[in-house]
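K.L.:
Feature annotation from TrEMBL assigns compositional bias 'Basic and acidic residues' to 27-36. What TrEMBL records for 41-434 is domain 'Amino acid transporter transmembrane'. Annotation comment: TrEMBL describes 1-36 as region 'Disordered'. Residues annotated as transmembrane segment in TrEMBL: 43-62, 68-89, 119-139, 171-191, 212-236, 256-278, 299-318, 344-364, 384-404, 410-436.
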């Protein structure tokens with residue numbers, strides 16, 4: 001299969017970036033005056049944009065998949081899902097060349113009408129809510145700790161001040177929601193005119209006038225920073241002889257253990273979702289024939305980061321690896337400055353998620369408003385509707401983070417329902433439908 005490799009180079013000027021969200025959320029009363037010319041994104045910028053969409057909070061659950069599958073089978077599954085992702089993206093882009101769709105939603109509408117477009121919108125909403133819940137769960141794990149198999153892993157606040165009521169998980173999440181998230185989500189505009197809003201699976205990407213490839217590069221750098229710290233600690237411990245041979249294959253003793261192997265599929269599916277962003281990146285590229293190399297490079301980069309993170313994470317913690325590997329960074333790792341490194345890794349990632357949370361919340365709120373009130377006046381003009389939708393969504397995320405025990409359960413639900421539809425079922429259905437129609 002190819003992605004229109006013979007397409008001629010063309011310059012895309014005065015054309016605003018469009019993503020899967022742009023068609024779902026038509027702009028209301030947007031002032032187009034003063035819009036600068038857009039000359040197209042570079043190859044490097046496009047790679048970072050796609051990579052940022054792929055890499056997110058899901059990376060923290062990947063070492064736990066190695067605990068289920070074993071290191072050999074687990075790393076092989078990461079490569080396998082990456083190949084499947086490349087195939088599904090090829091389907092989307094190949095038929096996008098035929099139908100000239102500028103967003104995932106438009107492609108669904110071309111294939112299945114308004115019902116298909118609305119179904120995609122619902123799946124994106126489910127996925128976005130799940131992502132925000134994962135963010136809040138990770139923040140709770142980092143600040144207040146978590147318990148697994150009767151063992152409590154202390155959070156940063158517990159490690160600094162001891163265990164108190166005021167740093168319990170529920171109270172910390174409540175204070176974080178009221179003091180940090182509530183004020184941030186009250187902004188009716190993010191501050192820059194948004195033309196494309198992406199990343200319901202993991203980290204959020206905003207594409208505005210011009211290129212935000214530097215922001216995307218920073219997000220990828222965060223994952224590389226976590227990988228570097230984990231790899232460095234693991235290598236030091238290997239030289240010290242304190243790390244044994246990792247388990248390469250899963251433990252299969254009965255039928256229940258066989259079924260347990262399938263629980264990692266939703267996590268792996270979620271880890272590679274980027275389908276909602278490929279159209280906007282394709283539109284941004286000055287040379288559209290570069291889209292295929294962009295996808296291949298992005299998938300290769302992210303697969304490498306995933307493989308190394310899974311390898312070193314599982315090698316470091318073994319069968320003690322938690323669903324959120326950040327929670328494992330709570331004990332003395334047996335190296336110099338262990339406590340300091342633990343806190344740096346956890347706090348930096350928690351602060352990042354706190355800042356990303358309201359940015360991802362913004363398109364979620366607009367999506368829900370467009371789904372419930374498609375003919376209403378702009379959301380920013382209706383304070384009551386704005387407040388009710390914002391409060392309801394924030395309450396939903398807060399309750400989910402308090403009552404769902406870990407990120408593994410969230411990924412299993414969203415990955416087995418909405419995410420698998422967005423990433424694999426819908427692209428295959430589009431390919432079959434449009435092939436029949438054409």
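Backbone N, Cα and C define each Cβ position, glycine as well.
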K.L.:
Which range wins on Cβ pairs under 8 Å with the transmembrane segment (119-139): 43-62, 68-89, 171-191, 384-404, 410-436?
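P.N.:
Highest pair count goes to 410-436.
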K.L.:
Tell me whether the transmembrane segment (43-62) sits in contact with the transmembrane segment (171-191), defined here as at least 3 Cβ pairs under 8 Å among residues 6 or more apart in sequence.
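P.N.:
With fewer than 3 qualifying Cβ pairs, these stretches do not touch.
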K.L.:
Do we see three or more Cβ pairs under 8 Å linking the transmembrane segment (256-278) and the transmembrane segment (384-404), pairs being at least 6 apart in sequence?
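P.N.:
No, the stretches stay apart by this measure.
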K.L.:
Does the structure show the transmembrane segment (384-404) and the transmembrane segment (68-89) touching, where I'm treating 3 or more Cβ pairs under 8 angstroms (sequence separation 6 or more) as a contact?
P.N.:
no
